[in-house]
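What Swiss-Prot records for 1-79, 402-632, 854-1144 is topological domain 'Cytoplasmic'. Look at Swiss-Prot and you will find 80-100, 105-125, 139-159, 173-193, 226-246, 381-401, 633-653, 664-684, 708-728, 754-774, 775-795, 833-853 tagged as transmembrane segment. As annotated by Swiss-Prot, Mg(2+) 1 binding site applies to Asp324, Asp368. Residues or ranges marked as Mg(2+) 2 binding site by Swiss-Prot: Asp324, Ile325, Asp368. Look at Swiss-Prot and you will find 324-329, 366-368, Arg412, Lys975, 1062-1064, 1069-1073, Lys1109 tagged as ATP binding site. The region 'Disordered' annotation in Swiss-Prot covers 504-566. Per Swiss-Prot, the feature phosphoserine maps to Ser525, Ser580, Ser1076.
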Amino acid sequence: MPRNQGFSEPEYSAEYSAEYSVSLPSDPDRGVGRTHEISVRNSGSCLCLPRFMRLTFVPESLENLYQTYFKRQRHETLLVLVVFAALFDCYVVVMCAVVFSSDKLASLAVAGIGLVLDIILFVLCKKGLLPDRVTRRVLPYVLWLLITAQIFSYLGLNFARAHAASDTVGWQVFFVFSFFITLPLSLSPIVIISVVSCVVHTLVLGVTVAQQQQEELKGMQLLREILANVFLYLCAIAVGIMSYYMADRKHRKAFLEARQSLEVKMNLEEQSQQQENLMLSILPKHVADEMLKDMKKDESQKDQQQFNTMYMYRHENVSILFADIVGFTQLSSACSAQELVKLLNELFARFDKLAAKYHQLRIKILGDCYYCICGLPDYREDHAVCSILMGLAMVEAISYVREKTKTGVDMRVGVHTGTVLGGVLGQKRWQYDVWSTDVTVANKMEAGGIPGRVHISQSTMDCLKGEFDVEPGDGGSRCDYLEEKGIETYLIIASKPEVKKTATQNGLNGSALPNGAPASSKSSSPALIETKEPNGSAHSSGSTSEKPEEQDAQADNPSFPNPRRRLRLQDLADRVVDASEDEHELNQLLNEALLERESAQVVKKRNTFLLSMRFMDPEMETRYSVEKEKQSGAAFSCSCVVLLCTALVEILIDPWLMTNYVTFMVGEILLLILTICSLAAIFPRAFPKKLVAFSTWIDRTRWARNTWAMLAIFILVMANVVDMLSCLQYYTGPSNATAGMETEGSCLENPKYYNYVAVLSLIATIMLVQVSHMVKLTLMLLVAGAVATINLYAWRPVFDEYDHKRFREHDLPMVALEQMQGFNPGLNGTDRLPLVPSKYSMTVMVFLMMLSFYYFSRHVEKLARTLFLWKIEVHDQKERVYEMRRWNEALVTNMLPEHVARHFLGSKKRDEELYSQTYDEIGVMFASLPNFADFYTEESINNGGIECLRFLNEIISDFDSLLDNPKFRVITKIKTIGSTYMAASGVTPDVNTNGFASSNKEDKSERERWQHLADLADFALAMKDTLTNINNQSFNNFMLRIGMNKGGVLAGVIGARKPHYDIWGNTVNVASRMESTGVMGNIQVVEETQVILREYGFRFVRRGPIFVKGKGELLTFFLKGRDKLATFPNGPSVTLPHQVVDNS
């Protein structure tokens, strides 16, 4: 399955729209829809059909899956066919009961048995009591045989001595067409059984009638009637094939939509899951939840807030661990900067594994310092034990680096237990951090510790309950802060033998590393020295399996809602990691999704009105009504076929009636006009634009569609009615019956065929897929009502004369001709008719078929509305997933630079994998608030320090808001360290200060290359002005101490599992020293930086040489400002937060 692991790419825009297109062959816009690797081949098993109607999916596995899906969809329609069969049995029972006699007993018994069998089959199918294999493969043929047997039984038993070529032809036509719209079989078997049924029915009727007529055989009349039957059957089969094709095409599109929607949702869900995992690897879950909740607030709600949102929480009784690499300077001198970063990356990745094992929350990585907390966010009683075990494991882990690198590196670990304020400050580049006096103590515990030992405070000692042997730490002798505060310290000697047992009892082994190795396993040590690959990426010799925290991140999270389905999409995404290579796996997932979708009863009574089936929600009904049905032109073409077959049948019955030819020509022309107007919207390139616009308007306007459909059926009905009324010219009344019936080729020879033509009109009506079932009911009532009116009134004597002649020819008991003009069931003895008069039986047949087709139309509309709701549901789910993905994306890109986040949202990264980029010319800035430490107190008036941090959050947030200015778009906030703000310029890859794709350095002048450094200097000045505005409004006197430098750095991420973006290099070290050795209220730079910035109009004051640790004497300057004429030559002026504009 193709995957796109980036952010909002353009090609996804179409997939989030409400109109999701799927293209099939013969679509006018084929090639526009997204079919990915799926194609539809114009070939199939039914070779008798035109090539464009033979659709087959490629690959074959998908076609097999579709056939299974299609047959499942037709399972309900199989029940419809059972209902049809039951109605036919009821018809036979009524017809026999009305004129009951002893010779009707057999026919009545067979019909009764058939009705019972139909009811049993209905119950078995409805309740799902039959195996699927039987229901889909055996039951359709059983039902076909049962219906065929019932038709022949009725034919043989009910018309035993008076057969005619028209007997049961109407029912045969009805069921042949029903096979195509209900049986869950492929098209070829349906065509075969339909042809077999029609051939056998025709042969049986022809032979039987010929034998009964014997010496009085009317060969031409029988031949014409047999040919009329054939054309009726051919029409039913042709329209049935078209209906099957239309249903197949509709279901294929629904199937492709389901597959592609599943694929899109899996892509989105997987990306959203990656974003969530990445986010939760940087932020604790409770903080991320609160951030997402606030991000979804309306702008009006945000504007009502007096202060910027601060996500800060108090956590008591936690253990804080600080660990620092001793001898890091010696180690850094032994390898290059890139090799050093790679080494740190592998070492800290190992520490992250240990942190997961010992329930630690890694807070930050500061250079070579690693610190974490246990008991946050979820409290643990054994937090102190876990932290000490973590410290011991870190000391042992660094020993392997010491052995392999032959250097004196070691770990100095300090642990303190107390209270912290945990959260994030500012509005950009969020990083979780903790603040409190106890954090400071923990930091000093590390600074006052001894290399290779774990140094703990008295508060931590009080939580241990004797699990470890300790000795006095005497931390005050090595750290003035500890001595000043009078903090007793201890050094862990070694864990007792019971420690392992204690750790097990405390659940440590429950979250051990997946490979089950102990923290000091030597199996992982080679990875710590395999860091000198020339391509700049580090790899471990072993594979990395699923991590505990990754499993935790995948737990149910109410802030990251997934579609509320039994088959959760994140489960699908997890199970189809390599779906592009494993088509079978994706098809299995699709099958599960389709099964679940079918099992969900989407259309319920509470959603739709019972009678009309319209949605109760008017807006939903409007959306459904404008759904475009592209097969409407095909439906009108079926009307043309029906009219053609109608004309052929009527011409065969009465070849001398000129009205037949006139109605056919006029009706066919009118129907062709309607068909062309409907096809114009489907094939816009083949028709004039005005006709296409008119056709499109018809398709999208409900009343116009209904009117167009009514016109088509009205034409069919009127053609039949006009022919029936015109035929009356041959009939001159009962007195001239002999002469009237002697006219060979008259429609009076067999008036039943005009009712069979009405059945074709009913079939044409249900083919109108663009109208609702209520409109179809209206049209079918028009057809049935017109036929019934003519049968019972205009053609009443015609049918009576037909019955009279038929019974007379076969010497059957009958009433006098004058008595036949009014059917009276009260007649007895030999005067009782052996059959129900044709005028009644034909009328009942037409109405019963109308009811059957109406029942089927309701089923089709229910299915159409269900598919519509599924489509809306899929769209809404994709929108929800996409919306959550957008919020996750916003959070992730607010924690990592976008190009870095893209990298980590790709395929799963190994823990030791290093992402890094080298930059030769960037600017680095550190800006601190030295006097904030004096401002911070944890007194109750300040809510334990939270209010002090709230004020710091306002300052940092205002600094962050400066970055929204286009002038500072090339400036990247790296992080905040306490009250120190770190930023860099020029670290955005492939983009220069003007926002265009960068070219080679040789193609740009020095002024162009260092414009970003000037922007960074402007940013530092804007920060000073912003702080001045804050001081004026809050009556404070905070001052910034800023240091800047320029040069080359290595930017990258340490720890693929918990990515920490940072920059390293001598440039960063010097910039940090410029800040720490600077003077409050000033921006200090070295001479090389001053020379470059001076060219941009910045003013400097020479400070002179100062001593910098590790660098010796450096000549420095204070940046005082910029000439007004040179201010922001390439951008607009900057509006400062909290700026008070003087308009006087």
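From the backbone N, Cα and C atoms, a Cβ is placed for every residue, glycine too.
Two recorded stretches are said to be in contact when at least 3 C-beta pairs lie under 8 angstroms, sequence spacing 6 or more; the transmembrane segment (708-728) and the transmembrane segment (775-795) meet this definition. Apart from Asp324, Ile325, Asp368, the Mg(2+) 2 site neighbourhood in this chain, defined by C-beta within 8 angstroms of the site C-beta centre, holds Ala323, Val326, Phe328, Gly367, Cys369, Tyr370, Met411, Arg412. Across the residues of the topological domain 'Cytoplasmic' (1-79), the predicted structure has a mean pLDDT of 55. Over all protein chains present, the Cβ of Ser1076 (phosphoserine) has 16 other Cβ atoms lying within 10 Å. The transmembrane segment (775-795) and the transmembrane segment (664-684) are not in contact, since fewer than 3 Cβ pairs between them lie under 8 Å (pairs 6 or more apart in sequence). Rounded to the nearest whole angstrom, the C-alpha distance between Arg1073 (ATP binding site) and Asp368 (Mg(2+) 1 binding site) is 16. A distance of 5 Å separates the Cα atom of Arg412 (ATP binding site) from that of Asp324 (Mg(2+) 1 binding site). Here the candidates are the binding-site residues Ile325, Gly327, Val1070. The one whose C-alpha lies nearest to that of Asp368 (Mg(2+) 1 binding site) is Ile325.
The recorded stretches the transmembrane segment (80-100) and the transmembrane segment (833-853) share 3+ CB pairs below 8 A when only pairs 6 or more apart in sequence are counted, and are therefore in contact.
The transmembrane segment (226-246) makes contact with the transmembrane segment (173-193): 3 or more of their CB pairs lie within 8 A, with pairs spaced 6 or more apart in sequence.
Of the binding-site residues Arg412, Arg1073, Arg412 has the largest number of other Cβ atoms within 10 Å of its own Cβ. Listed in sequence order, the residues of the same chain lying 6 or more apart from Gly327 (ATP binding site) and placing their CB within less than 8 Å of its CB are Thr407, Gly408, Val409, Asp410, Pro451. Counting only residues at least six positions away in the same chain, the Cβ atoms of Ile922, Val924, Ile974, Ala984, Val987, Val1049, Leu1050, Ala1051, Gly1052 sit under 8 Å from the Cβ of Ile1063 (ATP binding site). Listed recorded positions near Asp324 (Mg(2+) 1 binding site): Leu366 (candidates Leu366, Val1070, Ser1076; Cα-Cα distance within 10 Å). Taken residue by residue with DSSP, Gly327 (ATP binding site) is part of neither helix nor strand, so it is coil. Outside the transmembrane segment (833-853), and at least 6 residues removed from its termini, the chain residues within Cβ reach (under 8 Å) are 83-84, 87-88, 91, 94-95, 98-99, 101, 103, 158-159, 162, 170-171, 174, 178, 751-752, 755, 758-759, 762-763, 765-766, 776, 780-781, 783-784, 787-788, 791-792, 795-796, 799-800, 802-803, 807, 812-815, 820, 823, 827. With the fewest other Cβ atoms inside 10 Å of its Cβ, the least crowded of the binding-site residues Ile325, Leu366, Val1070 in this structure is Leu366.
Asp324 (Mg(2+) 1 binding site) counts 21 other C-beta atoms within 10 Å of its own C-beta, drawing on all protein chains shown. DSSP gives Arg1073 (ATP binding site) a helix state.
A simple way to gauge crowding: the CB of Asp368 (Mg(2+) 1 binding site) has 20 other CB atoms within 10 angstroms, across all the protein chains here.
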